[in-house]
Amino acid sequence: MGPVQGQKIRLLPRAAASRPPRSSRAAGPATVVLAVVGGAAAAAAAAAAAAASAVYYHYNDDDATTPLSRDSFIRCVVTRRDAVSPSSSILTVSAPPTSLRGLWSVEFKQPEVQIARHYTPLPPDDDDDARLLRFYIRSLPRGEMSSYLDRLRPGHHLWLRGPHPGFDILRRLGSRKRLVVLAGGTGLAPAMQAAATVLGHHDDDPNTSVTLLWAVRQHQEIQASPHVPPPWWKLWLRRPLPIELDSHVENATPIALRLRQMKDRYGSRLDIRIAIDSDGSAFQHHDIEQALLRPSSSHRPTPTSTTQGCQCHDQSLHASASEFHPSSDPCQCQSTADAGKNILIVSGSDGFVSHYAGPKLWARGLLTQGPVGGLVAELQRRNPSLARDWLVLKL
């Protein structure tokens, strides 16, 4: 999801493979007219051709008002592209508004090789146009979809299908108050979506809190100004710690700016920390353990017997669950009035998710959550309360 990670590539039927018209066709009339007139008439013809071109463009985008569909791809228009780093950017797409909330994604179609992949939109700001979706994307070497998206510019068409709902985190959180999200790279998109969902739903509850741990490769992902990494001897003496993002980031990149705006909105209820690989920092056992064991006013042990067999809160049942085909079953805990678990979300590339929470697994044609493994499983063995009180989701 940010893009959604984990081999979520789907072959498309040939019937749905019509190539979207390229934006360069909008300049066609101007080229034809200028070829047959000259002098003063050329200027007038150029103006007329420009008007005709504009009409042509808008005419071809009339179907942008067609509601998004989970069954078919709808043509939308790229309206903006903001560079974040040399390999990442925020792609803004004009699309029909959707009322879906919580975790959700849309599919992008790559018409040249007939594949589709899920991408998670960034949560909107209060001032954002409801018709605009923003996607935090990265260009990957030899990546069919990322190479295609890397070529898109304002005015180009993009085909979307969805929205597709993901895990209902509010139903899983229930009466609990804590969400911790560990995100790698563009996996930040579903992390921000989850944080905005929980904090926005409990806007009047000062005890509901989110810790967002974001791991990036380069400092330029968060600051546009030149950055000099620490010398090697400092790294040898002491490994740098993750930094805390406050509301005073200078020269913030577009994605860091959106994080800062979230911090401004939710204040002390949102704790954001960033580990920068090029500086030598990373999230270790103690960083995650500290976030999970942070005191909470709602900290009440969750008896294992009350959650067994519940599709919402039984971790063992989530091993065979898929985020793209989530169960809509209601909570089946023995005590539904007090049901719920704190939630840990791990979001990012396959390798990132596998390292921290164990790999996702393919089963019966679906990419499933798989059992909890990796660093999180080690923490659960050291502190059994983490396995009892926390539900782990991989995105």
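Placement of Cβ uses the backbone N, Cα and C atoms for every residue, glycine included.
The FAD binding site annotation in TrEMBL covers Arg117, Tyr119, Met145, Ser146. The domain 'FAD-binding FR-type' feature in TrEMBL is assigned to 71-170.
Classification of Met145 (FAD binding site) by DSSP places it within a helix. Across all of the domain 'FAD-binding FR-type' (71-170), the predicted model scores a mean pLDDT of 93. Taking each of the binding-site residues Arg117, Met145 in turn and counting other Cβ atoms within 10 Å of its Cβ gives the largest count for Arg117. The Cβ of Ser146 (FAD binding site) has 18 neighbouring Cβ atoms from other residues within 10 Å, across all protein chains displayed.
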